[in-house]
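**Q** Below, the features straight out of TrEMBL:
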{"type": "BINDING", "residues": "G160, E161, S162, G163, A164, G165, K166, T167", "note": "ATP binding site"}
{"type": "DOMAIN", "residues": "7-61", "note": "domain 'Myosin N-terminal SH3-like'"}
{"type": "DOMAIN", "residues": "66-707", "note": "domain 'Myosin motor'"}
{"type": "DOMAIN", "residues": "894-1170", "note": "domain 'Dilute'"}
{"type": "REGION", "residues": "586-608", "note": "region 'Actin-binding'"}
Amino acid sequence: ALVGQRYLYNRVWIPDNEEVWQSAEITKNYKAGDRFLLVQLEDGTELSYPVDPAALPPLRNPDILVGENDLTALSYLHEPAVLHNLKIRFVESKLIYTYSGIILVAINPYKQLPIYGDAIIHAYSGQNMGDMDPHIFAVAEEAYKQMARNNKNQSIIVSGESGAGKTVSARYTMRYFATVSKSSSKAHVEDKVLASNPITEAVGNAKTTRNDNSSRFGKYTEISFDRSYQIIGANMRTYLLEKSRVVFQSENERNYHIFYQLCASAMQPEYAHLKLGSAEEFNYTRMGGSTVIEGVDDRANMVETQKTFALLGLKGDFQMDVFKMLAAILHLGNVEIAAVGDERSSISSEDKHLSIFCELLDLNCDKMARWLCHRKIVTTSETVIKPMTRAQAANARDALAKKIYSHLFDFIVERINQALQFPGKQHTFIGVLDIYGFETFDVNSFEQFCINYANEKLQQQFNLHVFKLEQEEYMKEDIPWTLIDFYDNQPVIDLIEAKMGILELLDEECLLPHGKDENWLQKLYNNFVNKNALFEKPRMSNTSFIIQHFADKVEYKCEGFLEKNRDTVHEVLVEILKESKFRNSLSLLMVTLNATTPHYVRCIKPNDEKLPFEFDSKRVAQQLRACGVLETIRISAQSYPSRWTYIEFFSRYSILMTQQELSLNDKKQICKTVLQRLIQDHNQYQFGRTKIFFRAGQVAYLEKLRSDRLRQACILIQKRVRGWLQRRRFLSVRRAAVTVQQYFRGQRTVRSFYICHILSPFCFNRVLESHFQSQKEIYEKEIEGLNFKVEHLSQDINHLQKLFREENDINDGIRLEVSRLTSENLVRSRCRSTTQICLWHSKYCGYVFEISRLTQMGPFVVNMIPGLPAHILFMCVRYADYLNDADMLKSFMSATIDGIKQVVKEHSEDFEMLSFWLSNTYHFLNCLKQYSGEEEFMKYNTPRQNKNCLKHFDLSEYRQILSDLAIRIYHQFIIVMENNIQHIIVPGMLEYESLQGISGLKPTGFRKRSSSIDDTDTYTMTSILQQLSYFYSTMCQNGLDSELLKQAVKQLFFLIGAVTLNSLFLRKDMCSCRKGMQIRCNISYLEEWLKDKNLQSSNAKETLEPLSQAAWLLQVKKITDDDAKEICEHCTSLSTVQIVKILNSYTPIDDFEKRVTPSFVRKVQGMLNNREDVPQLMLDTKHLFQVTFPFTPSPHALELIQVPSSFKLGFLTRV
């Protein structure tokens, strides 16, 4: 387990100019002092690689650990391991999210993926962060859960460079909160919060060379929640709007989207007064030479922008004022400034665009023309009007345009915040920060300086938080804490913001009347060159300076620093000049973040060409270094980076345990005993309260031991099987030899017999006679035995005939007695009044309300006929019909229906009560049909039943009302069943492993699914079957019709299959061959349960077909063209998206399984292209099959029904 050694066949990472790192296999053992390491690259190239004994090449992780959900689950934690793991997940498995401890790394796929629907949101809702595949929704759920559990404000910090997907990630977190915390109010606060995104993107996003929808400002959105943790409002703060983009765009870039949306709508009548044209006609929109984005409809987006304005309550007048300001800016950019000599400039009084600009903003045109070309200089003694050159006037015009847009942007944000204000009191909030990540370009100016300064502050906060969490983890597990060295970027922050730092010197220069960028830069050289190690002067430039940031060295060009800094400085109050507005807002942001629990999302741009699922290792490595992911890894790797719960360790490495060790009852003690035996150096691990902590490389060593043990077991099995096969072959050959021997011996005997027959015919005749005689004796004995049997059977038949005649005599006597009693009854019935035809009535005038007490009954009567309350209710209806009393009937039916509704409402979560009243509502409905007097129902009745049909009233209208009520009860009944079983489906169907020897548990890194060694409370497949049996027995006891019962079971089985399959799609760790075996085993248990309950005809089994096919897909071979063809032919219940998802997620549990190659996945995808199915990943677990209520006539005669005393309906009497 000595990770410092490099042995034969070990694989290492060596630097590479193209791929950053490349894998190599050691071909000769390395000895201390060797200056070269002999390796072979993956392409077969032999290489003698020079090494430094103090810094040997990093070791590569075993293949079984590659592709992990969490980078901290890797045994060797270093840059090449991180880069390789991300590449495997992104390129081969098409997974864009990966955890790195507390960070979610999100790689932009540059492709729409079906992983953001409401079904996915509901799948992540309520789940622990380690239970599902990494996802932006998992981070949002963790923040929401911690807020609700701890009553503490949360922040989600989304960062990354332009084009990495920050805006989309922030938008998805907000959508998640809006979905899971939906309030019941009609204010639609959630919709308003989401509606703020399209507006801010229209006025704050633009096309850059890196991204078609790049956010050119930072945004912190506080989403406010009440005490029920439902959204009640939001507030937005913005930072670092790129004002320079209003007047200048680089090649292939655009201005802000809203300008192009406005120009695309210029021909519409309502915008005629703005006097706009196409974007090609205006300087401020055509400068980058790219006025159109492929696949984007600016006119349609304008309609969407207007809709979202309206949704926020910002109506037409406000919108038109905004559009006027925007149009005015475009016209201002087209104002022509002419040079008058070298020192002056002028604007023609007939300039069309200036006139429109002044008209739109209601300004004096002459004054505007004058002050665009002149400036006022105020001194202590006088005020001087000084003309400006053409260049200065153009700069003044552009400065005015930037100022107008900046104020307009702030005004729009302010109005959005007003629309998102809430009357109630904020209980907690979750803030979502969407801000530029660290940026470095060929030319870096003031904007990049501010962005990188902000990121220095955020990185410092991040480092402290990671360090704090690491310390808390050690303390919680009672592990001795040793101080970990981590990068502290306070020195570079001091360089920028401390007294006499870069920013203070910049503000000071801005105060001077003749302050210049060059003078400020010279002050920086004088103060910091050779005095501060983090500041450098470029060798070949006198107009730039270099700062060593936490991420990289960045060279800044000083040109424009003073002008852009003045934009953020209040020029009137001297005391405020000491500190910029930007620094104030940044300081406030850091205070807010420090008061919350942060969650980090680092967005990564995989390539600069925006190609889907292409991974440029150089670009990714550069961003990983810049965003703090590698710093997290470095902090983790210094101590005990690999952490397993005891149950994970036991399940994974039980194969390395001896029988004596396994005989112990305490699993925790078993783990300790085994580990002390396997790893002699006890400094390589620590035992915590719930986890085992390993130093780097130890898990890889344990995996090697496990792999060796499995290989030995395979060899032993192969040896036994081969021996068994050879034994079978030997026995088969021996049987064949014996057969051949028998044949030849027989031939020899026949030949001898033939010779004997020729030589001695007499002897041959004697042999034949002897043979015939023996056969005759055998036949005579058989005939004698058969005769005996015939005689015995005849006696049995006579006896049975005698018994049958005696039974017939008894039955005749019973029939005679029944006839006699019937005759007597008939005589008596004729002597009674006509009201004695099995009707029921009440002794009291208010009997309707008393009868309605039936609807308050519950399922407490045992051994009563199915639907007894329903029959009693119908007989009361029959009584009203007999009296021909319409008012009585109406009152009774209304009271009955209202009573059922009331009891269902009061017991809406009581499964037994719902089952009882679903059954009785259904039986009552059937009684109304059976005795309606309609031919289609009467044909199922006996003549006696038809005499009880209704005579005076048509109750078809009430039948419809009852049918609708029954459907409502059924739906609530299904919801209650689903709520009772849903939480045990995934643990029982997917997580619990009942099959011996197929445990697929692997380490899960920082995010643990369980920290407990005690798994006695976990749900199993038995839990699901017990719950199903409870549902079934309750439905049967309450007399639910068999057809309705089958429909309910079908709905439950669909839920089980859909929830399990959906979870499988989002659980890469579950997509293995062994898990497929377990799922298939669990499905067989469900099928057996159906058979045991005689429910095969319910079609419930068919609803499990997608899950069954998914389990088969996990188990089947996935290598050749024939395999691909078989998959396409077999998986007919799975969509193309679902098949590809499972193939991409397939994860080997050990070295004996192979990953599915990307080429095979593409092959299957190509074969499935012609399929016409919905491109949807998740099954709709809320789907309800249409319920039908079949007519089933009651076999019970009304005249024989008795009311049990337990009903307490003593006021009912028979007349």
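Positions of Cβ are set from backbone N, Cα and C atoms, glycine also.
As the structure is a computational prediction, the values presented were derived from the model and not from experiment.
Map the listed features onto the structure and describe their local environment.
**A** Sequence-distant neighbours of G165 (ATP binding site) (same chain, six or more apart, CB under 8 Å from its CB) are A106, N108, C603, K605, listed in sequence order.
Residue counts for the domain 'Myosin N-terminal SH3-like' (7-61) under DSSP, split into helix (H, G, I), strand (E, B) and coil, are 0 helix, 27 strand, 28 coil.
In the predicted model, the domain 'Myosin motor' (66-707) shows an average pLDDT of 87.
Below 8 angstroms of C-beta separation, residues 86, 90, 100, 102-110, 136, 139, 142-143, 146, 150, 152-166, 169, 173, 210, 220, 237, 239, 431, 433, 437, 453-454, 457-458, 461-462, 465, 614-616, 619-620, 623-624, 627-629 of the same chain, each at least six residues beyond the ends of the region 'Actin-binding' (586-608), sit close to that stretch.
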**Q** When the region 'Actin-binding' (586-608) is classified with DSSP, how many of its residues are helical, how many are strand and how many are coil?
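**A** So the region 'Actin-binding' (586-608) is made up of 9 helix, 8 strand, 6 coil.
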**Q** Report the residues of the chain - excluding G160, E161, S162, G163, A164, G165, K166, T167 - with C-beta within 8 Å of the mean position of the site's C-beta atoms, for the recorded ATP site, in sequence order.
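**A** Nearby residues not in the site list: N108, R210, N211, S214, S215, G437, C603, K605.
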**Q** Enter the number of other CB atoms within 10 angstroms of the CB of A164 (ATP binding site).
**A** 26
**Q** For the binding-site residues G160, G163, which one has its C-beta crowded by the most other C-beta atoms within 10 angstroms?
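**A** Of the binding-site residues G160, G163, the most buried by Cβ count within 10 Å is G160.
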**Q** Just to verify: the residue among S162, T167 with the fewest other Cβ atoms within 10 Å, which of the binding-site residues is it?
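**A** Looking at the binding-site residues S162, T167, the Cβ with the fewest others within 10 Å is that of S162.
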**Q** State the count of C-beta atoms found within 10 angstroms of the C-beta of K166 (ATP binding site), not counting that atom itself.
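**A** Result for K166 (ATP binding site): 28 neighbouring Cβ atoms inside 10 Å.
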